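Take a look at the structure set out below.
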Amino acid sequence: MQLTVAPIPFFWSKDTWSAFYEEIAETSVDRVVLGELVCSKRLPFFQDQIPGAIERLIAAGKDVALTSLALITLKRERKLTADLVEMGLEVEINDLSVLSYLPKGTNFSVGPLVNVYNEGTLRWLASLGATRICLPPELPLASVEILAKEAEALGVTIEVWGHGRLPLAISGRCYHARLHGRTKDNCQFACEDDPDGLDVATLDGQPFLTMNGVQTLSDSYATTVHQIDQLRAAGVTALRLSPQSQGFADLCHQYRALVEGQCSSEAVLNAITGQTPEIRFSDGFLTGDRGVAMSTPPIAART
Amino acid sequence: MVMEIVCPAGTPAALRAAVKAGAHTIYCGFADETNARNFPGLNFDRTEMRESVAFAHQHGSKVLVAINTFPRAGDEAIWHRAVADADSCGADAVILADAGLLDYAARNHPNLRRHLSVQAAAANADMVNFYAETFDVKRVVLPRVLSVPEIAAINAETEVETEVFVFGGLCVMAEGRCSLSSYATGRSPNMNGVCSPASHVEYHDHNGVLDAQLGGYTIHRAQKGDAAPYPTLCKGCFTAGEKTDHLFEDPVSLNAEQLIPQLQKAGVTALKIEGRQRSRSYVTQVVRNFREAVDALEDGRPLPQGMLARLSEGQAMTTGAYKKTWR
């Protein structure tokens, strides 16, 4: 099972950004997708660091791809996307509009924010050159199994959301700006103080969502620790780990140990909560009755 | 050309009412998970669809069939059958969101006109043109994240017709790309055709304070005598930092009636009204008012003022993303 590091969803400073990839280069992950996914206004702050990070990661033996934006509306964003496909590195599309810029016959990968719910869409993307698809986190295991089987026949690698706050929605409106009484165009980068997003609680004070500029994430950190065997049996060959500000390199090591069969799922969860005690887990999209649900480990794993 | 009014119908009776009220076009769906308004007691069986299309055609109106959820892996045949049945019922077009289903329809029903659903969230001209070139899509329903100048810019770069929402419920998130509802309840717009489903709503009275919960999450609290809005997730009340408020969107609905002339100048072909779950009388009133507005515009008369305020059920109105400051 391969491990992929997802693009950083949050707005981190240039130095934090670069240090993060320095650290990732030292881990055993197989693949890194980087670039700006959520908000085009953030990109100028770290854009000049991207070539160096790519070089460092490739030198460390990692597969590297560049993500597109999740929502492309402005002229400037269209230009950015056109430039992205010119960079000569594999592009992970997270908005279908990127397909209109890719020269015919170019191979590409598909990120979790593209709606791949069924075999027809998977076949269509494969016919255009998709070689790897990270499925939408919303999909239940039953769908993952069918899609992984279809993908295998087409030679497409299937990845699932393995760890991290779930990307639940993307909007034209910036909620961080709205919270501060500003508009998106005059946001003054209200999101920069929240390296893991801003907690959004219900009126009972119950943790529920996470605000990240134009993106809304779950409060809980999705994890597939309890489903590794089922995913492997289904033909899933990669897990996606989404960056968080604390303990991420260690988390990568934990997941590596898990997929190599060197530790139990509970040991991984314990190690993660040892570093970040306040986080809550979920795996309900895969095996529960709703996304926020968290399963107990399979009996065999309770040793 | 007079702008086309595209009106919702959740039942054959609502469709007939909309036709009689002057709707140029009516959109509706089959009574199953293939459409994004899959509510109990709503929508059309195959016989009703055939008869309704015939009725509309007799009166000079068109019928569009929305098949705009994302087919479930392993069960695509249900969605394929819906496309085939819309074709055989004589529908003027199908409204589709899923790329795989568009591909299927283009291959197997090439003469059935295809519209791109708002659930596909095609938010720039390149995407619109890509769908047109790839699947021969003739019209795109634009997502509710665009301002009027952005809509004009899209129309300047495409031959594809555009349709925009002007009245009714308002998604704050990019449509077809939101799983808030399935995170909290297990039921989602993309997969089940429902959002914040009534089956997961509970109201609790604590000494005169009414809590509204969705999936057990308290997202609205009303004092005795105050209105208790339906707990739709993106319009709920939450706390972040020091602030407790409607952090994503207020409980508002869209009303862009005063923007109709600007939307026409922006090159928009059709104006869409949300609400297949609405009553016959609601549909009749909304259609009459919008028809009056587009006819007035066509004849160079001033637009009727504030005609729809009474239909908003006490909710505040917004022009949404059409004005850039909404962002």
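Glycine residues also receive a Cβ, built from the backbone N, Cα and C atoms like all the rest.
Noted in TrEMBL for the protein shown:
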- B:C171, B:C178, B:C195, B:C234: [4Fe-4S] cluster binding site (BINDING)
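Distribution of TrEMBL features across the structure.
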| residue | record | Cβ within 10 Å |
| --- | --- | --- |
| B:C171 | [4Fe-4S] cluster binding site | 26 |
| B:C178 | [4Fe-4S] cluster binding site | 26 |
| B:C195 | [4Fe-4S] cluster binding site | 22 |
| B:C234 | [4Fe-4S] cluster binding site | 22 |
Residues from B:C171, B:C178, B:C195 facing chain A - binding-site residues, CB under 8 A: B:C178
Secondary structure at B:C234 ([4Fe-4S] cluster binding site), reduced by DSSP to three states: helix
DSSP three-state assignment for B:C171 ([4Fe-4S] cluster binding site): coil
